Number of protein chains: 2
Amino acid sequence: MDIAVKSEQVLETETEFREYLKRMSNYQEALGLIGWDLRTGAPKKGAAQRAEVIGTLSADVFKMAVSKEMEKFIETLSSEEAQSNLDDVTKSSLYQCKKTFDKQRNIPEDEFKNYVILTSNAESIWPEAKDTGDFAMFLPYLEKIVAYNRKYTDWVGYEGNRYNALLDDYEPGLTVETLDRVFGELRDRLVPLVKAVQESDSKPETDFLFTHFPKDKQEQLSRALLEQMGYDFEAGRLDTTVHPFAAGLNPNDVRVTTKYDEGDFRTAVFGTIHEGGHALYEQNIDEKYIGTPVCSGTSMGIHESQSLFWENFAGRNKAFWEKNYGLLKENSNGQFDNISLEDFYRGINVAGPSLIRIEADEMTYTLHIIVRYELEKALINGDLEPRDLPEAWNDKMEEYLGVRPQHDGEGVLQDVHWSGGAFGYFPSYALGYVYAAQLMAAMRKDLDTPFEGLLREGSLKPVKEWMTERVHKFGRSKQPLEILQDTTGEGINPKYLIDYLEKKYSDVYELNR
Amino acid sequence: MDIAVKSEQVLETETEFREYLKRMSNYQEALGLIGWDLRTGAPKKGAAQRAEVIGTLSADVFKMAVSKEMEKFIETLSSEEAQSNLDDVTKSSLYQCKKTFDKQRNIPEDEFKNYVILTSNAESIWPEAKDTGDFAMFLPYLEKIVAYNRKYTDWVGYEGNRYNALLDDYEPGLTVETLDRVFGELRDRLVPLVKAVQESDSKPETDFLFTHFPKDKQEQLSRALLEQMGYDFEAGRLDTTVHPFAAGLNPNDVRVTTKYDEGDFRTAVFGTIHEGGHALYEQNIDEKYIGTPVCSGTSMGIHESQSLFWENFAGRNKAFWEKNYGLLKENSNGQFDNISLEDFYRGINVAGPSLIRIEADEMTYTLHIIVRYELEKALINGDLEPRDLPEAWNDKMEEYLGVRPQHDGEGVLQDVHWSGGAFGYFPSYALGYVYAAQLMAAMRKDLDTPFEGLLREGSLKPVKEWMTERVHKFGRSKQPLEILQDTTGEGINPKYLIDYLEKKYSDVYELNR
């Protein structure tokens, strides 16, 4: 009798809690739509007032996440008796809410408010600092942002290295210990590969990459490729933007954006496939998680593994173009008529050291990230001061990539992340590559038809389904490292990525001939 | 000393009130964007979950409008002492809030909730009832909706005719007494005009209206026409939709939608100009009203006066095409090469009785509205029962327009309005014509260059500015009849519209030759 009564109370609290989450999630969905709109053609004069709307809705979400009511929900539903009565959606939701609540409640309100203003100002001045390469202009902001992030690690707590507190925000469970090992291996084996590729005499032809490709034909091609990947256009749409992204408003409304450069079709083709990979993740989260904080990708790294898997392991695979080179030619103006498939394949895989991360190829990309990781870790641990960043940056770029920026605009100031205080974010990008290669290897073992065979036929359904069953459907109900372990039988292992890159670039650059 | 203290309290309450309104207005802006998105390409699978977001935000707005807090604001700020201290934005806002509050608080909560469900169900079954012409299917819903609206008039109160309570929701200050006079005059003089036009031997050529006109060229033309009207594309955008509308999210983000029919360019050309007229109104409301309920058009009728002014008095004017016929030809496929300007002008002004309101021309449109007005008034006053509507509808159509529907799908069931309970709305459409003609006459007196001269030059700035100064900028701070009186020196007077229509159609149909 007593237990029955208690269970009824739990049930009631669970229902209230889920209603509360639904409300938060509805505000967030509105915010998601506003964000998408602002980046896909919202009139610029309306942006200032739209910021007010964002302010109101964000404050609602924030207040609800740290409210007395939330505290009560967490307390009631965390009891042993409650736990044994909760369904898995509520349990996973509670876990996410508690994590947010515990972190937020230790941050002094005043410090947080000032920090929001600080980063907002820093983001405003950053473009000018970057464009003029003026690090001195940015330094006072950066110093305060780093100081806050050091304090933040104390407020929210950490085990081992102080930087772990920041990693956990983007990649739950990830530690410096792991990253040092993983990035160390990557660095040690990629630096020689980059050198070998640079010294190769067999460079791909690339002229055809830059021939005129009309925008409307690129759009047709982009749509056809998304269809082939299994992107559901009834639960999404494709638009154009300046900095492409995918927006998951809910699993039935996940939007892809892309950019058409008529002088370089790769921007749209690989950009669309990349964002399409993110979108497939969000479209295939189990619908039972709708209206809860579980209904999104489990981490930045796993999200990036999906986009990079599609962009590189599928989209830059020769077999993919055996299927799609004809489609590309149909949608073009005849500029590929004299380019063989082999030359096309080598051309789209041209690689080499460069200064700018967002323009880097898959061979060098992770090295750009390792530079940032090592600098961030040193900054947060007090082993490096912000004023010494430019020198440290340039030295590392020279050491790992063999190139040295001429000014800070193409060096330490190139990325927006630090102006927004996003320390701990960069490693996710590299982990995305590592995860993607591990998932690729595991998938190969499970597929009935070899992966390249599927690409050649354009039958990508088994690929999407494999990812959905092992990654997508769980949303945030499984932790990133749990997904990796369950799917591949091991932890983070960079060997698969390195082997793949060595094999691929030996082929493209004919290193072994 | 005492007064100073009191004033400080008022000031504080005023500040809180304005913050409160800003919050409501921010929710409403989010709702506006969601609405625009749903009608311009939001993925259909996401619509159900988006409805939940709409539910959350609408409930927030509704609760805030009738809250204890709102009641307190109204009480405090309505005192004589407070009134003398408030600025005009707050005063106008308070007026709107009080009006909503007073109406809402008299409606029994249960009845309101049931009514929301009732109309939602009625809207769902209406399309099928319409498509199959099945009035019996719709009748049970309509009976309940009419019954609610009769009770509603008692709850919110009225002077004179019971129907005045409903008119006031859409056209504040409008009464049956006025409408009977205005619509009576219109009916008496338009019915003979329609007959004369029908009997004319000189019918315009219309074949060229239906020649193929590519969508992308129609879009270019639509954009050019909006530019010419003075629509600010930096504070708006043009998209496509099924049922065109304009969405004013705030004066700096007012979006126009249109529809391209490749077999009839008039849909887009006049649709775009029409919605552009609505958009100019919203773009030119004084920015000081942003974040308050004053920041929108003052009534449905005045709003419609703006769209109809541009669509008909400008867009269907011969002088407008003296300027723009070349532009239309440039954007077409040569199908107008053998059509003279005179024939083109007559063709786009083809008119005659028809069954469907939304396809009606400007000569017959108001008669369609008068039919609805007379029936609504009889229904609400209990002089007509819903079951007798089809017969009454058909009789009136025959009397005023000389046509009789073959089935209820092209008769009494054709419009969505009644399924949503929007009784009192229809008259605004006809008033829009009447107001537009009155404003046109007043504007002619003020303009330095004759109106047709401006159209001929494509110099429409003085026209837009005149409307902004007299209509747009006030938002809802002036009542519709106040705007009319201040601008034209008189009340609602249908003479201007009738004179205009008689003159125009005598010309187009050569009635006096």
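Cβ from N, Cα, C; glycine included.
Per TrEMBL, the features are:
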ACT_SITE  B:Glu275  active site, proton donor/acceptor
BINDING   B:His274, B:His278, B:Glu304  Zn(2+) binding site
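In this structure the alpha carbons, written CA, of B:Glu275 (active site, proton donor/acceptor) and B:Glu304 (Zn(2+) binding site) are 9 Å apart. Cβ-based neighbour count (10 Å, all protein chains) for B:His278 (Zn(2+) binding site) stands at 23. Each residue in B:Ala246, B:Glu275, B:Gly277, B:His303, B:Gln306, B:Ser307, B:Leu308, B:Trp310, B:Glu311, B:Gly432 lies on the same chain as B:His274, B:His278, B:Glu304 and has a C-beta within 8 Å of the C-beta centroid of that Zn(2+) site, without being one of the site residues.
Around the Cβ of B:Glu304 (Zn(2+) binding site), the number of neighbouring Cβ atoms within 10 Å comes to 25. Set side by side, the recorded positions B:His274, B:Glu275 differ in how many other CB atoms lie within 10 angstroms of their CB, and the most is found at B:Glu275.
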